[in-house]
Structure formats: C-alpha cells, structure tokens
Amino acid sequence: MKNNKISGFQWAMTIFVFFVITMALSIMLRDFQSIIGVKHFIFEVTDLAPLIAAIICILVFKYKKVQLAGLKFSISLKVIERLLLALILPLIILIIGMYSFNTFADSFILLQSTGLSVPITHILIGHILMAFVVEFGFRSYLQNIVETKMNTFFASIVVGLMYSVFSANTTYGTEFAAYNFLYTFSFSMILGELIRATKGRTIYIATTFHASMTFGLIFLFSEEIGDLFSIKVIAISTAIVAVGYIGLSLIIRGIAYLTTRRNLEELEPNNYLDHVNDDEETNHTRAEKSSSNIKDAEKTGVSTASTVGIAKSDTENTVADEPSIHEGTEKTEPQHHIDNQTESNHDEDHDITSESVESAESVKHTLQSDDLTNDSNEDEKQSLKEPATYKEDRRSSVVIDAEKHIEKTEEQSSDKNK
C-alpha cells in the first residue's frame with residue numbers, strides 16, 4: 001500500500017517511536033503481572049504495550065487517516081478466504097510438530113497437568129484478547145505504516161524483526177532464544193503474507209492466526225516451561241510452513257502476472273514496428289491522391305477540348321446566319337470565302353485540340369512532379385485554372401476572327417453591288 005503523503009521523516013519517526021514505547025512499556029508492565037493475579041499463559045500483561053504504543057503514535061503524529069488505514073473492521077470475500085487460511089496454516093504447523101515429536105521423541109505433551117488449574121474457556125478468551133492487542137499494534141498499525149514506503153514482503157521483514165525482538169525470551173539460554181527468534185520471525189512473515197492486499201482489513205485475520213497458534217501450543221507442547229526440543233520443533237515447523245506458503249504465493253502471483261500480461265499483449269500488442277506500417281499507409285494514401293489528381297487533370301483536358309468544340313459550333317452558326325441578311329447579293333464568292341474560313345476554323349480547332357491535349361499532358365506531368373515534392377495542392381489549383389483561362393481566350397479570338405470575316409464579306413458584297 002504505497003502512500004507518499006507521509007513524509008520520510010515522519011515515517012521513520014513513527015516507526016522509531018512506536019518501537020521504543022513498545023519496548024519500554026513491555027519492561028515496565030512485567031511487574032503488574034503478579035499484581036493482577038492472572039497466570040501468564042492465560043494473558044500476558046506485557047502484550048498491552050503494542051496497543052498503547054499505537055494509540056500514542058496516532059494521537060501524537062499527524063495524518064490520522066493514513067495511520068488508521070489498516071484498522072478497518074469490514075468484511076470482504078478476500079478476508080473470509082484469508083480467515084480460512086489463518087485456521088488451516090496453524091493446523092498444518094501443529095500436525096508437522098506432532099509428527100516430529102512422534103518420530104524423534106516418545107510422544108508430544110497433550111493437556112499438560114502443570115499450570116492448567118483454570119477452565120479452557122478462560123484460556124481461549126485470554127489468548128484471543130492477547131492476539132487482538134498485539135496484532136492491533138504490530139499488524140494493523142505498524143505494518144500499515146511501514147507499507148506506505150515499501151512493499152508487503154520487505155515490510156513484513158521489518159515488522160517481523162521488531163516483533164521477534166519484542167517477543168524475545170532469554171530466560172532459558174541462548175539456544176532457546178535463537179529458536180524462539182526463528183519461530184516468532186517465521187510466525188510474523190506468515191501473518192504479513194496473510195494480510196497482504198486486504199486493504200486494511202487485517203485485524204480479524206491476524207487475531208485468528210495468532211490465537212490459533214498460541215492456543216494450540218499451550219495444549220500440545222511445553223515450550224513455555226523452557227523445553228528446548230519443543231521450541232526447536234515448533235520453530236522448524238513454522239519456518240517450513242512459512243517458506244512453503246510464501247513461496248507458493250509468489251509462484252501463483254507470478255503466474256497470474258504473466259498470464260495477465262500475455263492477455264493484454266494479445267488485446268493490444270506492443271509492436272515496435274508500428275511506425276513503419278504508418279509510413280506505408282501514408283505512402284499508399286499519397287499514391288491514391290496522386291492518381292485521383294491525374295484523373296481530374298485528364299478530365300479537365302477533355303472538358304477543354306469540348307469547350308473548343310462549342311466555340312467552333314457557335315462560330316459556324318454566326319457565319320452561316322450572316323449571308324441570310326444579304327439575300328440579294330451574289331452567293332458564289334462569299335460562299336467561297338466562308339468555305340475557306342470554315343477550313344481555317346477546322347485547322348484552328350485541330351490546333352486548339354492538340355494544344356489542349358498537350359496542356360492535359362503537361363498538367364499530368366506537373367501533378368506527378370508535385371506529388372513527389374509534397375506540393376500537389378497549390379500546383380493542382382494552378383493547373384486547373386490554366387485550361388479555363390486558355391478556353392476563354394481562344395473562344396474570344398475565334399469570335400473576333402469570325403466578326404472580321406463577316407465585315408470583310410459585307411464590304412466585298414457592297415463593292416460588287418456598286
């Protein structure tokens with residue numbers, strides 16, 4: 001649970017203050033065990049230290065919402081799943097321990113006769129309360145704070161070391177203390193993995209696992225009275241289960257990660273050659289645009305030729321209508337001139353058509369050149385404007401020539417009449 005709202009200084013100070021207060025209170029509260037008159041295997045007064053330390057840190061430091069993020073009491077499907085694991089894993093540890101006792105010793109101790117002068121229900125309630133106050137401080141508060149700056153695995157290591165120091169027992173010698181340290185550290189690592197990704201819903205899981213472990217050990221083993229073989233069996237069994245559970249969890253998460261990534265790549269493949277495909281598509285689009293421009297230019301050339309034909313027909317109609325105005329004049333010589341003019345117009349039309357075709361070819365060549373230089377738009381507009389201008393100029397020249405020919409014919413007719 002990464003949350004960078006808490007500064008690095010406050011994060012470090014919170015962890016330090018919590019640990020110092022917890023250790024100091026655990027030393028001071030030892031004297032109250034005999035005062036309250038409760039046997040230590042029912043309820044350890046020193047276990048109140050983490051709860052008190054957590055409350056003090058919450059009151060002293062700011063960002064209360066972040067500090068209380070691991071103290072949610074709601075239930076989810078994942079919490080129920082982890083609660084089942086919190087009951088199954090202690091059972092597996094106890095089964096391994098009992099099998100080890102039967103294999104390497106005569107038998108395990110069942111319902112010890114020493115120190116069990118109280119009802120079992122009192123012991124069960126006492127262990128549930130001990131588990132709650134300890135895990136409230138270490139898992140629901142401290143691990144939540146540590147996870148704001150590091151992932152769950154490393155946060156579990158940090159909290160596990162602190163919890164092992166808090167639970168250290170040097171009364172029965174160094175070897176006993178070493179195995180007790182291994183047991184409590186493995187115990188804490190399992191708890192850290194159990195509460196992973198529960199979004200602050202940690203207290204039920206941690207309390208269930210803690211109470212199940214301590215309650216079973218009271219009745220099956222005698223490590224609380226300093227038996228070295230018992231603590232050795234418990235420590236090794238817990239370490240084996242911790243390694244197996246955490247390793248299996250990592251493998252499952254790794255497989256899930258790879259499967260999810262593969263599915264995402266199938267949906268949206270990360271193709272590093274996409275830019276090549278984009279270039280090919282761009283070139284294809286440009287080629288299509290170029291061919292379309294060439295076709296438009298050819299159509300423009302054809303329309304120019306048809307325009308010339310229209311101008312020719314208009315000129316012929318004008319020339320044909322003019323002699324009808326002078327029906328009294330002689331028709332031989334004007335008709336001869338009209339035929340010559342018509343032939344001249346046909347020659348001019350042929351020249352104009354040739355020029356139009358040449359103009360279309362030049363436009364086509366110009367468009368192809370412009371497409372290679374990425375300047376097709378401006379040249380296309382210019383090339384489309386030129387045939388239209390040329391059409392207007394040629395039509396005007398043909399009409400002017402026809403008018404001049406008519407005037408000349410009228411003059412010749414008037415001279416002959418005279």
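Every residue, even glycine, has its Cβ placed from backbone N, Cα and C.
The feature compositional bias 'Basic and acidic residues' is assigned by Swiss-Prot to 282-299, 323-353, 379-418. Annotation source Swiss-Prot lists region 'Disordered' at 274-418. The feature transmembrane segment is assigned by Swiss-Prot to 9-29, 41-61, 84-104, 118-138, 153-173, 175-195, 202-222, 231-251.
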Where, among 9-29, 41-61, 231-251, do we find the most CB pairs under 8 A to the transmembrane segment (153-173)?
-> 9-29
What parts of the chain pack near the transmembrane segment (175-195), using Cβ distances under 8 Å and only residues at least 6 beyond its ends?
-> 82, 85-86, 89, 135, 138-139, 143, 152-153, 155-157, 159-161, 163-164, 167-169, 202, 205-206, 209-210, 213, 223, 226, 228, 231-232, 234-236, 238-239, 241-242, 245-246, 249
Between the transmembrane segment (231-251) and the transmembrane segment (84-104), do 3 or more CB pairs sit under 8 angstroms, pairs being 6 or more residues apart?
-> yes
Candidate ranges 9-29, 202-222, 231-251 - greatest C-beta contact count to the transmembrane segment (41-61) (under 8 angstroms) = 9-29
Beyond a gap of at least 6 residues from its ends, the CB atoms lying under 8 Å from the transmembrane segment (231-251) belong to 89, 92-94, 96-97, 100-101, 104, 153, 176, 179-180, 182-183, 186-187, 189-190, 193, 196, 217, 221, 223
